[in-house]
Amino acid sequence: MERDSVFHNDRLGAPRNPLLDQLPSYQSLLYRRKPSASGSNKRRGSSRTRLGSSSSGKWGQTTLARQHEEKHRTQTLQRPVRELSKPMAEKRRDKDQRLEQAKDLSSWSQWRQSTRRTLRRLKEDGFEMLSNLELWRGDIHVIEGMFGTGILSYFSFLRFLVLLNFIMFLLMFGFVMLPIITAPHASGNTTFNHVDGFECSNYPSTSRRGLVVFHQHITDLLSGAGFLEQTYLFYGYYKVETIHFPKFTYNLPLAYLLVTIAYLFLSLIWIVKRSATGFKRKLVQDEDRFQSFCNKIFAGWDFCIVNDSAARLKRSSLLYELKTDLEEERIKQKIADRTRKEKCRIYVIRLILNLFVIAVLAACFYSIYIATNFSQKAQMTKVNFILDLIYEYLPSIVITLANFITPLIFSLIIQFEDYSPAFEIRFTLMRCVFMRLTSICVLLVSLWGQITSCQEGNCVCGYNHILYPCWESRVGQEMYKLMIFDFIIIGAVTVFVEFPRKLIVDYCDCGLAKWWGQQEFAIPQNVLEIVYGQTICWIGTFYCPLLPAICTIKYFIIFYIKKVTLVNNCRPATRPFRASSSNFFFLAVLLIGLALACVPVTIGIAQISCSQACGPFVNYTTSWEVLPRTVSQLPAGARTFLLAISSEAFAVSLFVITCLAMFYVIALAGAHKRVINQLREQLVMDGRDKRFLIQKLCQAQRTCAIISTGAGSQSLSSDRVSPSYRSNSGVFLVQPPPDSATHV
């Protein structure tokens, strides 16, 4: 179409259609094109005759529409015939036409087309093969069909963590363990000390000698001590400084440090990349409440559901979300109508309750601190198998109890703070996230308080070498115990809580069992569990290099545990969390865990003195010292380049360039936002036009019905009334004038 036939016509002075002049979009267009003080007559005349192309609104976009149509036609011709949405007869006709056109091409063009077609098929076959090799592809499709995309997002998130931990394990294994294993002339047990016999280099073996009782092996396996301490599992085993291969020398301390930085940076990039799509979708969904209502009503159904119970659950969840939206609107209106006295009362209540929450968190953190100190002292003396195991796992037990009790307290408190339902869920989850992740930091602070404190007050080695000759391995053991205990708790809750509850609800007819009901599969709480474990993995990988492999196996087993408990023991939550349909909330919480994990790892690398009796950094004061020392040994050109990159001038220049790029992106986003607002206004105008035309059509139908009713008492000639006689009443919609300039 060259021009819109409604508002543009090539004939000057053609009669106008008064109906289309009354359209809200056209009236809005005329209002926007009101003339200014100068040149008003010319612009008013052009707006009256509606000649030429308009520069604003949807009526002036014919050129863009033509370009879009040409682009669409080109893409259609380039697509394979089998991918076109056409009947089979038309596909055969298109194929014959393409073959005829190909005969007229040169040999070079035919070869290029055949090569392009072959490469496209190879690419499609490769993607199909990779999709078939995707982990848990069939299981996830079954879960999606039974429970919808909300619960699917949890299992997809779990699969992402399995892949992330596996990549982290490959990095540690390929650059740290494999060189030691394959080194022809290097032994992993060789230490490199400055002074032999120095008191800081004394590292007594913890392996049990002689006849060992079976339960002692279980204790070592669960605690990471004993025979496991002197293996590839912990930091203390990697005592090699350099590995001399036939053609090069491998610097193991440098590789150890760079791999640690690499897996943290890789995790950051991967999480940010995955969360970008969810963040865009969240911005669009949260932009307009009316749009949210329309999406839920007209596009909220999940057509992947094939199960009747899942369909009923989805219907109830949509109903709950609509009720929640209406409740939020009611609460917003209630907040707007509050008096100053009511506002003061609510703020005072919230202040008191938040002080109580802070007190609860402080009590939990203090309990973790006391439990950690007591556990470290009690491990110096052995009593019996049970008590030793309890002392080993005392910090993990206290952290688990705190993570179990505090969400119940937070859920009870939030009811008195008078927030909206959606904000209640988000705020409670943020409190739980803070509790879970900060408890790990409190444990590490407690450990480092004992590691860096000596009885004489002045640590000769920079740390307490008497109690902690290899403090990195001790930190790795604590992270290892947290990981193992977290896995044990997840399995125990499934076997000893959820499964018996399922049996009681199914086979017990008492009212208490029916009131108790079946266990709900709460997605946010399950996500917090695996984010807690992943944070432990990020912190502990530096001190326990095989921890990513353990975490990979753990999440692999948890996938099947959660699948079994979802299908057999639990039911999906009737009050779904709003972010459960997308991964943005999960990845945002995971990003918070990564940020908190970087803090203790950075402090341990850059601030605390390295152990002088174990590990690859024996000849360095801190782990970070290996980097500047290695740079100082490089050739002059490379050293100058690296020093220039790390200088303040380069940092300032990079900061300025980053700010300019950020300002450009902000300006571009503002321009896109203005375009989006204009498109939204056009959509609103289209809706008003449709409503206006429907009203006129109904009016015309009513007029026709009145005329046809009175036609029986009049002559036959009176039925043929001229259309122009009824133009003012809107009947021309049924029979418009043939020469109308605005006739469609």
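Just so it is clear, glycine is given a Cβ too, placed from its N, Cα and C backbone atoms.
The compositional bias 'Basic and acidic residues' annotation in TrEMBL covers 1-13, 80-101. If you look up TrEMBL, you'll see 31-47 marked as compositional bias 'Basic residues'. The annotation compositional bias 'Low complexity' is assigned in TrEMBL to 48-57. Per TrEMBL, the feature compositional bias 'Polar residues' maps to 713-730. Positions annotated as compositional bias 'Pro residues' by TrEMBL: 735-744. What TrEMBL lists as domain 'TMC' is 470-580. Sequence annotations record features per position, and here TrEMBL assigns region 'Disordered' to 1-101, 713-744. Taken from TrEMBL, the feature transmembrane segment applies to 160-181, 254-272, 347-370, 390-416, 428-448, 584-608, 649-671.
Within the chain carrying the transmembrane segment (160-181), a Cβ under 8 angstroms from the stretch's Cβ atoms is held by residues 135, 188, 232, 238, 240, 243, 250, 252, 255-256, 258-259, 262-263, 266-267, 270, 274, 530, 534, 537, 541, 545-546, 548-549, 551-552, 555-556, 559, all 6 or more beyond its ends. Using a cut-off of 8 Å between Cβ atoms, the transmembrane segment (347-370) and the transmembrane segment (254-272) share fewer than three residue pairs, counting only pairs 6 or more apart in sequence. If you look at the transmembrane segment (584-608), the same-chain residues 6 or more away from its ends with a CB under 8 A from one of its CBs are 153-154, 157, 257, 260, 264, 267-268, 271-272, 274-275, 278-279, 281-282, 429, 433, 437-438, 440-441, 444, 448, 451-452, 462-463, 471-472, 475, 524, 527-528, 531-532, 534-535, 538-539, 542-543, 577, 622-624. Per-residue confidence over the domain 'TMC' (470-580) averages out at a pLDDT of 82. Residue counts for the domain 'TMC' (470-580) under DSSP, split into helix (H, G, I), strand (E, B) and coil, are 87 helix, 6 strand, 18 coil.
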